[in-house]
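Read the structure below first, then the notes.
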Amino acid sequence: MDMHLGSVQISPHPLNIWKAQEQYFLRMQRNKEKKSMEKMGESNQCKRKLRVCVATCNRADYSKLAPIMSGIKSHPEDFELEVVVLGSHLIDDYGNTFRMIEQDDFDIGSKLHTIVRGEDEAAMVESVGLALVKLPDVIQRLKPDILVVHGDRFDALALATAAALMNIRILHLEGGEVSGTIDDSIRHAISKLAHYHACCTRMAEQHLIAMCEDHSRILLAGCPSYDKLLLSHHREDYMDIIKSWLDDKVQEGDYIVALQHPVTTNIQHSVKIYGLMLDALISFNKKTLILFPNIDAGSKEMVRVMRRKGIEQHPNFRAVKHIPFEQFIQLVSHAGCMIGNSSCGVREAGAFGTPVINLGTRQTGRETGENVLHVRDADTHNKIYHALELQFGKRYPCSKIYGDGNAVPRILKFLRSIDLDEPLQKTFCFPPVKDPISQDIDHILETQSALAVDLGGTNLRVAIVCMRGTIVKKYSQPNPKTFEARMELILKMCNDAMRDAVGLNCRILGVGVSTGGRVNPQDGVVLHSTKLIQEWSSVDLRTPISDALHLPVWVDNDGNCAALAERKFGHGKGVENFVTVITGTGIGGGIIHHNELVHGSTFCAAELGHIMVSLEGPECMCGSRGCIEAYASGMALQREAKKLHDEDLLKVEGMDMKLSEPITAAHLISAAKMGNSKADAVLTKAATALGVGIINILHIVNPSQVILSGVLASYYQAPVQHVISQRALFSVQNIKVVTSDLEEPALLGAASMVLDYATRRIY
C-alpha cells in the first residue's frame, strides 16, 4: 500500500515495515502475558483456604478432635477453623468442660445449649430435636466448606443430619467401628450421611467398604488422640498428677481408674452392673479414681447408686466429673488397672499396656489388645472381684491397634486433597452381585509391615519387612558386649526404623526379635544365652521394647525364627509338618508340627544341634560330647581345619591361602574340593554326623520335609540326602532334603511372628 504526501507518492522503506511489524508483535506478546498473569491471579484467588468447622459435644469427643483442631490452627495458610460447642460441654453437672476448650486457646464461634434435662430415652430424642432447631442458623452464618464430626453420640447425629440437609460436606471420624449399644446404630447412620471418613483401624476401614462407602473417600488414619497420648504419657511430673487427683500416699500402679456409662438399650441392667462394680471396688480396698458417667439416659440413676453407697465420702475413692485429657493419660497409663465400659479402656489404655476389665456389652465387637479382660455377664460382684484379682498390677505389651501417633498429619493431608468442585451428591459403591472385586489387596499387603530384630553373635540387625516378605530397609551395627549398650542400641535402631517407616508408607504392626539361646516366647524373656552373646541371660526383652515403641513385641530363638520364615515365605509354605536345620557357626533349627511351632515344656524343643550321635565324640560348647554341633558346625569345621593347618596337612598344590588370614571352615572345604584326603575325611565325618542326627529327627517327628538353612546348607544337602537313603528306615528314606532360598531367615522369621500374630484378635 502506498502513502500519500501532497501530490508526491512515496513508497515506504522495507526497514520501516519490519520495525512496525516488530512493534505490533511485541504489543501482542505483552497483552498475552498480561492476560496470563491475570488468569493466574484469578486462579490463586480461587484456591482459597478451606473453611473447616469442628463441632464438639462432650469431653470424650474433644480428646479426639483437639489434636485435629490444633493441626488446622497451625496451618492458617491452608485452613480457617471454626469451633462449635454443644451438648454436655455446657452443663455444670458435667464440669462445664467448654472451659478447657477456651484454655486450649481455641475461639469458640458458637455455643448451643442443646441438652433437654431428663433421665429417660425421651430426653435424648428431645435433645436431638432441639439441636436440629438451633443448628441451621449457626451453619448458615458460618458457611463451612466441611464439618468435622466425631463418633457415635446422639448430638453428633443431629450435627450430621443438619449438615447433610444443608449441603455441607461432612468428615466423620471413627466410622466403621463396632460396639454393643444404640451408639452402634447412630455411628453407622452418621457414616451414611458423611461424605468422607477418617477411620482408626484396618477392620473399621473394611466395615465402611462393606457398607458401600467409596474407598477413595476413606482414610485409614488412626485415632487422633494417640498423637497426643503417645507423645505426652512419659511426663516426668506424672506422680505429681497422680497425687493431686488421689492423695500423697498413693504409689504408681497401686490404684484403679473406674469409668462406667449407662447402656441405653438396657438401662436397668447397666445400673445393676454399676452397683456390682462399686461393691467389688469397695471390697478390693484399693485407691480408686472414679469418674461420673456421661449424659446418656440412666446416668442420673447411676449417680444415685454411687451416692447411696457413700462413694463420694469413702476414704478409698475420689469421685470427679472431669479430668483434662493430658492428665487423664497419666492416670490411666500408670494405673494398676482400669475398670468399666468406657471406650478408653479398649482403645487408649492398650497403648500403655494398662490392664483393663471391660464390664457388660457396651464395647462388644470392639477391637482390643490382650490387656482387656471381658466380664460381659457381670451378674455378681464376686465375679468382678475375681477379675480385679487377675488383672490388678499386671503389665501388657503396648498396642497400636488404634493408631501410631501420625493421624493428624494424615487427616490434614486428606483435607487438603478435597476438591470442592466435585459434585456434592454422595454416591455409594455397591459391590457386583456375581463378581465381587478385591479392595486394593496389594496395597494392603505392601503397607502392613513389621520391625524385625536379629541379635547375632557379631552384628545387631534391624529391618522393616512388609507382608510379602520384602525387606524394605535394613540397618546393621556391631553387637555391643554389654547388656546396657546392647539394649540402648536396639531401641535406637528401632526408633530410626520407625521414623523411616512413615516416609516409606509402612504401617508397623509390631516388633519381632530373633536371638540365640533358650527363650520363653510367652513372656518375651531370654532364659539362657549362647556363649556368642554375653550378658544375655534372664533378660526381659518384651517390656522395654514395648514400653519404648508402644508396640506389641514377640521374641523367639533364632532357630525357631528360621522355621517360621520357611513356613511363611519359603519351602515350608503350605507344608503341615517340616523341620528346619540351620548349619552355620552353630547348629540349630525349628520344628513345625501341624502348622504350629514346637517349643516344648521348658522351651528347649528343637535343640537340634545337641542331638548326640556318639558317646565318645568331640566336646561340644554345651559341655557334653558327641553332639551334631561338635561335628558339623562352622566352629567344629574351623577347629579341624586349624588342626590340619598346624600339622601342615591342610594346604594342597594350587590352593590360594594367605599367611595372615585366619583359618576357617571355607579353607577346609576348598582343600577337600582340590583333593585333600584329610580334609575330605573330616567333611565326610561331619556330613555323616549331621545325616545321622537328621535321621533321628525323622524317626521321632516324621516330618514330610527337611530344610537346610545357613552358610553350609548347600554343601551338606547332597551328602545328608545320601546318608538318609542309606541308613534311615524305609518309610522315611524318600523324604526330601532341600536348601533354603531365603537370604535372611532370622529377620524374616522375626517379622513373621508379627505379621502372623499381630492381627489375631481374641474377644
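Heads up, the Cβ atoms here are built off N, Cα and C, so glycines get one too.
Automated prediction, rather than curation, is the source of TrEMBL annotations.
Residues annotated as domain 'UDP-N-acetylglucosamine 2-epimerase' in TrEMBL: 77-415. The N-acyl-D-mannosamine binding site annotation in TrEMBL covers Arg518, Thr530, Asp558, Glu607, His610, Glu629. Here TrEMBL flags Asp558 as active site. Per TrEMBL, Zn(2+) binding site is recorded for His610, Cys620, Cys622, Cys627.
Local packing around the binding-site residues Cys620, Cys627 was summarised as the count of other Cβ atoms within 10 Å of each Cβ; on this measure the leading residue is Cys627. Taking Cys622 (Zn(2+) binding site) as the reference point, the binding-site residues whose C-alpha atoms are within 10 Å of its C-alpha, out of Arg518, Asp558, His610, are His610. The 10 Å shell around the Cβ of Glu607 (N-acyl-D-mannosamine binding site) contains 18 further Cβ atoms across the protein chains shown. Same-chain residues with CB within 8 A of the center of the His610, Cys620, Cys622, Cys627 CB atoms, the Zn(2+) site residues themselves not counted, are Glu607, Gly609, Met612, Met621, Gly623, Ser624, Ile628, Glu629, Ala630.
Cys620 (Zn(2+) binding site) and Arg518 (N-acyl-D-mannosamine binding site) are 17 Å apart (CA-CA, integer value). Separation of the C-alpha atoms of Cys620 (Zn(2+) binding site) and Glu629 (N-acyl-D-mannosamine binding site): 7 Å, rounded to the nearest whole number.
A Cα-Cα distance of 10 Å separates Glu607 (N-acyl-D-mannosamine binding site) from Cys627 (Zn(2+) binding site). Take the CB of Asp558 (N-acyl-D-mannosamine binding site) and look out to 10 A: across all protein chains shown you find 26 other CB atoms. Within the model, the domain 'UDP-N-acetylglucosamine 2-epimerase' (77-415) carries an average pLDDT of 89. Sparsest Cβ environment among the binding-site residues Arg518, His610 (other Cβ atoms counted within 10 Å): Arg518. The Cβ neighbour count for Glu629 (N-acyl-D-mannosamine binding site), using a 10 Å radius and every protein chain shown, is 27.
Of the recorded residues, Asp558 (N-acyl-D-mannosamine binding site) and Cys627 (Zn(2+) binding site) place their C-alpha atoms 19 Å from one another.
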